[in-house]
Amino acid sequence: MAEISIRDVRKSYGKDEVVHGVDLAIYDGEFVVIIGPSGCGKSTLLRMIAGLEAISSGEIAIGGKVVNDLEPRERGCAMVFQNYALYPHMSVAGNIGYALKVARMKRAERDAKVAEVARSVGLDEFLDRKPGQLSGGQRQRVAMARAIIREPEVFLFDEPLSNLDAKLRVQMRHEIRRIHNRIGATSVFVTHDQHEGMTLADRMVIMNKGTIEQIGTPEEVYDHPASVYVAGFIGSPSMNFLAGTVEAGVAAIRLGNDGRIDIAAERAKALDGKLVQIGLRPENLSMVAPGAGAITGHFEFAEELGSGRLYHFQFEDLTLTVLSADKHSFQPGQEVGLTADPVHVHIFDGATGARLDTLEPMRRRASLEVAQ
Amino acid sequence: MIERTPILNIVTHTILFTGLAILVVPIYLVIVAASQTLPDVMAIPAKLLPGDQLIVNLKAAWVEAEFATKFTNTLILATGVVVGKLVLAALTAFGIVFFDHRLRMPIFWMVFITLMLPLEVRIVPTYAVAANALSPFQSILDVTGISWLINATTGVEVALNWNLLNSYTGLIMPLVATATGTFLYRQFFLTIPDELVEAAKMDGAGPLRFLREILIPLSVTNMAALATIMFVVGWNQYLWPLLIITDPAYGVAAVELSRLVPNMNTTGGDIPNWHWAMAGTLIVMLPPVAVVILMQRWFVRGLINTDK
Ligand SMILES: Nc1ncnc2c1ncn2[C@@H]1O[C@H](COP(=O)(O)OP(=O)(O)OP(=O)(O)O)[C@@H](O)[C@H]1O
Ligand SMILES: [Mg+2]
C-alpha cells in the first residue's frame with residue numbers, strides 16, 4: 001500500500017517561500033495529475049516527494065511512513081524526468097537495469113528482467129544501442145522502462161512528454177495510462193498541459209503560486225471550478241468572464257448597461273446585491289436572434305475547428321467566444337443575441353474570485369478528511 | 001568567418017609557414033647534428049644535410065647518459081604525476097561541484113590560488129618540506145607547546161622526520177598537487193545535467209558509485225586530455241629533480257640531458273661531444289611525441305568536448 005499523504009508542506013529557497021503549505025492525500029493506486037502554470041511549484045512539490053529536495057516544513061508520508069528524512073532510494077519511488085536523464089555511456093539494457101545492478105541483483109536474473117520489461121514497452125530490438133542512437137519516443141520508453149523495472153510503489157513523472165511531438169505525445173500518454181492500469185502503482189504526474197492532465201488523471205490538483213487551488217476529478221474540476229483561476233485555467237477554448245451585480249427581484253445578474261443573465265431564483269436571493277464574476281464556457285452559450293438573447297454581441301470573426309466553429313463577439317469592451325457546431329455566416333459588426341443556460345452559469349465572488357456555490361467548499365476539502 | 005580573398009590566403013599561409021619553420025628548423029638541425037661525426041658537426045661552414053652516423057650516435061648517447069636508468073625513473077615520475085593528478089583532481093572537482101556544503105567556495109578559491117603559485121615560485125619552501133615532510137606538523141606541535149608537554153611528561157623528545165629527498169615520492173608529490181586538472185574536471189562536471197545526478201540518486205547509487213560508474217566513464221576523454229598534458233609536463237621536469245635528486249640512481253632524463261651537453265669541466269677543454277648531445281635530445285624527445293600522437297584523437301575531443 002502506498003498512499004501518499006502530504007501535510008502542510010512548505011518549501012523555501014533562502015527567504016523565498018515557493019510552496020506555501022500544501023495539503024494533499026493520494027490514495028493507493030491512484031493517478032494524480034498536478035497541473036499549473038510555469039513556476040507555480042509543481043516540480044518542487046514532486047521533487048520533495050521523491051526526496052530530491054529537502055522539505056522546509058511539514059510532513060510527507062508514503063505508505064504511512066514519514067519519509068522526510070529518508071534518502072530517495074529508501075522511499076520506494078521511481079521517477080521519469082523531462083529530459084529522460086538516461087546515462088549516455090550505458091546501453092539501453094544498462095540503463096534499464098542500472099537500479100537492479102546497484103541493488104546487487106544477480107546478472108542472469110537481471111538480464112531476464114531487463115528483457116521482460118523492455119519487451120513490455122517495445123524496446124527489445126534496441127537493448128544494445130546507446131541512448132544517443134535512439135529517437136525521442138524511444139528514449140522516453142527507456143526512461144519509463146527504467147522506472148518500471150524497479151517495481152516502485154510510487155511513480156513520479158515530471159513533464160515526461162513535453163519534449164515529444166504532438167502525435168507521439170498522445171500515443172505515449174495512452175501508453176502511460178495503460179502501464180498504470182497494468183502495474184497499479186500510485187502515480188503523480190506533473191504537467192502544464194491541461195489535455196494531458198484531464199485525460200490521464202483520476203484526480204487533478206490545480207496549483208497556483210505555490211498553493212493548491214482545487215483538488216478533484218477532471219469532471220468536477222471542469223464542471224465546478226473552485227475559483228476564477230481554475231475556471232480560466234481548465235477548459236479549452238477558455239471560459240468567458242463577465243462582471244455583474246446580482247438582482248434578486250428579476251432573478252438575474254445585470255451585466256454592464258443592457259446585459260442580463262438569468263439564474264435560478266433561490267441563488268439570486270442568496271446573493272442579492274452582490275458584485276460577482278460570472279463564467280460562461282463557450283460551449284454553454286448559444287446564438288439567437290438579436291434582442292432575443294440575454295446579451296447582444298457584435299460579431300468579430302470565427303475560427304474553424306473542424307468539428308465546430310469558435311465565434312468571437314464584442315460585448316461592450318469584452319470579447320466573448322461561443323463554440324457551436326452550427327455553421328453561421330455573420331458579417332463583421334452584425335448584432336447577434338447570446339443566451340446561456342442558467343445551469344451552466346458559474347458564479348464567483350467579484351472580490352475574492354472564490355466560487356459562490358453551496359456545493360463547492362465541501363468538495364474542495366473532501367480529500368483531506370480521508371487522509372487523516 | 002570564411003572569406004575568399006587570394007591576398008588574405010597568401011598572408012595567412014605565409015604566417016602559418018613561418019610559424020611552422022620556426023618550430024621545425026631547430027628539430028631538423030638536431031637531427032642533422034645527431035647523424036654526423038664530431039668533425040662534421042664542427043665543420044665551418046656547417047653541413048646542412050644529415051650524415052650516416054645516426055644509429056651510432058644514438059647508441060653512444062644512450063650508454064653515455066645511462067638512459068636505461070633515467071628513462072625508467074622519468075617514466076615512473078611522469079606516470080606517477082599523471083595517475084596522481086587524475087585521481088586527486090577528479091576527487092577535488094567532485095567535491096567542489098556535487099556537494100553542497102559550506103566549505104565548497106573556500107576550497108574552490110584555495111585551489112584557484114594555487115594556480116598563481118606554480119612550483120617554480122614556491123620552490124624553496126617546497127624543498128624545505130620535501131627535506132622533512134613532517135616539519136609543518138613539528139612546527140604546529142612546537143608552537144602550541146605540545147612537544148614541550150610531551151617532553152616534560154614522558155621525557156621523549158618530539159622530532160618528526162620524513163625525508164623525501166632522493167625518492168620517487170619526493171619527485172612526484174609536489175607536481176601532483178596543482179590546480180589545472182581540477183579546473184578541467186570542474187568545467188566538465190558542471191556540464192553534467194542535474195537530472196542525470198538525480199536519476200542516479202533515484203536508482204539508488206551513492207556518491208562514490210555515481211563517481212565510479214557514471215562520472216568517470218563520462219569523463220574519459222577529459223582524462224585522456226589531462227593525462228597527455230601531464231605526461232609531457234612530468235616528462236620534461238628539470239628544475240625540481242635537479243634540486244632534490246643528488247643520487248644518480250634517481251636521476252631523470254631532462255637533467256641527464258643537460259649533463260650530456262658538455263662543458264669545460266666534463267671534457268677538460270676538449271671539443272664538446274655535440275653529436276651525442278643532439279642524439280640524446282632526440283631520444284628524450286621521443287616518448288612525449290609518441291604519447292601525444294597516440295592520444296591525439298582523445299586529447300582534442302577531451303578539450304573541445306563535443307560528444308555529448
Ligand atoms: N534551486 C532553486 N533556488 C531558488 N528558487 C528556485 C529553485 N528551484 C526552483 N525555484 C523557484 O521555485 C518556484 C517553483 O519552481 P518549480 O520548478 O517547482 O516550478 P514548476 O511549477 O515546475 O514550473 P515549470 O512548469 O516551469 O517546470 C519558481 O518560482 C522557481 O523560481
Ligand atoms: Mg517543472
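The backbone N, Cα and C atoms fix where each Cβ goes, and this holds for glycine too.
Sequence-distant contacts of the transmembrane segment (B:7-31) (same chain, six or more residues past either end, CB-CB distance under 8 Å): 50, 54, 278, 281-282. Annotated transmembrane segment per TrEMBL: B:7-31 (among others), in sequence order.
Annotation comment: TrEMBL describes B:71-295 as domain 'ABC transmembrane type-1'.
Look at TrEMBL and you will find B:75-99 (among others) tagged as transmembrane segment. Listed by sequence, the residues of this chain that lie at least six past the ends of the transmembrane segment (B:75-99) yet keep a Cβ under 8 A from its Cβ atoms are 107-108, 111, 168, 171-173, 175-178, 180-186, 189-190, 197, 207, 210-211, 215-216, 219, 223, 226-227, 230-231, 233-235, 237, 241, 252, 287.
Within the chain carrying the transmembrane segment (B:106-128), a Cβ under 8 angstroms from the stretch's Cβ atoms is held by residues 92, 95-96, 135, 174-175, 177-180, 182-183, 239-240, 243-244, all 6 or more beyond its ends. According to TrEMBL, the feature transmembrane segment maps to B:106-128 (among others).
Here TrEMBL flags B:171-193 (among others) as transmembrane segment.
Taken from TrEMBL, the feature transmembrane segment applies to B:214-235 (among others).
The transmembrane segment feature in TrEMBL is assigned to B:274-295 (among others).
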Contacting positions for the transmembrane segment (B:274-295) when only residues 6+ beyond its ends and CB under 8 Å are counted: 30-31, 33-34, 36-38, 41-42, 53-54, 57-58, 60-62, 64-65, 67, 71, 74-75, 224-225, 227-228, 231-232, 235-236, 253-254, 256-257, 260-262
